[in-house]
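Undergrad: The active site, schiff-base intermediate with substrate feature in Swiss-Prot is assigned to S66. What Swiss-Prot lists as active site, proton acceptor is H71, and the listing cites sequence analysis. For C86, the entry in Swiss-Prot reads active site, proton donor, with the evidence type sequence analysis. Among the features that Swiss-Prot reports, pyruvic acid (Ser) is placed at S66, with the record citing sequence analysis.
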Amino acid sequence: MDTMDTMGRHVIAELWDCDFDKLNDMPFIEQLFVDAALRAGAEVREVAFHKFAPQGVSGVVIISESHLTIHSFPEHGYASIDVYTCGDRIDPNVAAEYIAEGLNAKTRESIELPRGTGSFEIKQRETKAL
């Protein structure tokens, strides 16, 4: 893991070719996100998820260190996720990878942005076949 002198790290990930049923299962996604936060070492504070008709789930897990979010589009096999952590104690990539694996994403494209350092440049771009 690269260390950064930053107030936070923000992973933005595009997950493609995910399992339709998992993307449309709100209780599953909620538990997956709570587990991802805990696996990364975060402290969960609040959880809010919403199931859309006919399909799709959006939600947020508020952690002491910031948040994890998802917007799922089962009809496209796609989910957009954000994992933002403050400080350098927690690696947001741990949670993002756990989520991608849990949704059976075939492809994950992500970037990591340092936050709170003024002007920023993209520190990492990764496309990964899972």
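Note that Cβ sites are derived from N, Cα and C of the backbone, with glycine treated the same way.
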Undergrad: By a simple count, how many Cβ atoms lie within 10 Å of the Cβ of the residue listed as 'active site, proton acceptor', its own Cβ left out?
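TA: Total other Cβ atoms inside 10 Å, all chains included: 14.
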Undergrad: Round to a whole number and give the Cα-to-Cα distance in Å for the pair S66 (active site, schiff-base intermediate with substrate) and C86 (active site, proton donor).
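TA: Rounded to the nearest whole number, the Cα-Cα distance is 6 Å.
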Undergrad: How big is the Cα-to-Cα gap, in Å, between C86 (active site, proton donor) and H71 (active site, proton acceptor)?
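TA: Distance (Cα to Cα, whole Å): 22 Å.
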